[in-house]
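As recorded in TrEMBL, the features of this protein are as follows:
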- 12-37: transmembrane segment (TRANSMEM)
- 49-69: transmembrane segment (TRANSMEM)
- 85-185: region 'Disordered' (REGION)
- 89-99: compositional bias 'Basic residues' (COMPBIAS)
- 174-185: compositional bias 'Low complexity' (COMPBIAS)
- 202-236: region 'Disordered' (REGION)
- 305-328: transmembrane segment (TRANSMEM)
- 340-361: transmembrane segment (TRANSMEM)
């Protein structure tokens, strides 16, 4: 069902821009030729009225067309995709091979299975990467407890496989476990159970174990769902080139081992607020939604132009509706016949105008809360897990003697509180490790929502008020978070600008003390 929906969205995205231009062309012909020229000028000689209507209509039409063409070109040449890793797409090919191997075994029996086929799934994840990413996408922003993480709970256990973080260095500085996700059954093991003599009994036992595992996971996991864990690389995976970008930041969204969210389809660490779009098969920076009306993914690089399109579309349709409604009423009062093309134009303008009006209101509401459409789906229950830089521990290093527990400025004493991780886990020679505290926001708290409406508009539309109507000047994706600043200065460095009040509170709760500054 999901694949059919994605295919439909893609085909609609291909044809919708052509349909939109056709509707605008029809409305332009009716309004300018039939209404203004033939009716107002030729029939009633109302030149001033016709000139004023033509002028206003031309301005609104020009604004709408320019903004629409701008968003289409942006989605084509600068959609804001996250750079993919070297293994992108390989897992999908492996999973398809696994599927073909299983189908072959079902038809021909176990004797038809070669050694190569039997081991085909030992490196893969056992399911299609799109499906795996769909499962992660549905839950990719569900930041769990630091001790729970994304570990899958096996039957009969009450503790997560990531509950214990081995200590290294000072007592309170715990590096993340390198086995955060338990090994799932390999394809060969699954196939052996399928081909066993007592297949019915094995299948029954497997279903029973799956139900038990799901029951245990549901009791200990507040975010319940039928998703499966995925294999995440460690920080030693140097092929994932964008990990270094996270280690330049003071704060970013993370999982329980301190590493960022991971996309197995794109083989990349996912920047904050980015999501994987199944329609285009890529992770997109600050993705809002896939919009067939404009033919692509509305995201950070195109959000300003999308807002322009819905606002100008609302004004354009409203102008047509009001003007033609007045002229139709005038014709009816003079017992004149109303052209059917006028009525068709009013109907089309009403349909698209109602849509544009609703999109303008909903998009404005999202901007005021500094939310994307995806973020808004769980805005009231969302809990973000963040990796927050501890500058004091970073400056002293993981092996500094006598560093002791964490300083809590609220009680003015040192206590052992938030879990600390050192990134990268296994640094290269000469590479400095940075200490991050794993913290969580309150339920329904958006760490990117700024104080005041203007700050949220400025952050969402990519600039001050006088740039909101421009067709250029949107900042590069992921660069509005003060990445050139310094912690404790103007703002916290991140992919996007954080609410400093929330970050300061989280620092206090984690017991983060900044090093004393020397003059």
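Keep in mind that glycine also has a Cβ here, set from the backbone N, Cα and C atoms.
Please treat TrEMBL annotations as automatic predictions, because they have not gone through curation.
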The transmembrane segment (12-37) touching the transmembrane segment (340-361) per 3+ Cβ pairs under 8 Å rule: yes
Same-chain residue ranges lying at least 6 outside the transmembrane segment (49-69) that approach it to Cβ under 8 Å: 17, 20, 24, 28, 31-32, 35-37, 40-41, 294, 305, 308-309, 312-313, 315-316, 319-320, 323, 471
Long-range Cβ neighbours of the transmembrane segment (305-328) (under 8 Å; 6 or more residues past either end): 27, 31, 35, 39, 53, 56-57, 60-61, 63-64, 67-68, 70-71, 74, 288, 291, 294, 298, 338, 342-343, 345-346, 349-350, 352-353, 356-357, 359-360, 363, 367, 461, 468-469, 471, 474
Residues of the parent chain within Cβ reach of the transmembrane segment (12-37), under 8 Å, 6 or more residues beyond its termini: 50, 53-54, 57, 61, 64-65, 68, 72, 279, 290-296, 320, 323-324, 327, 339, 341-342, 344-345, 348-349, 352
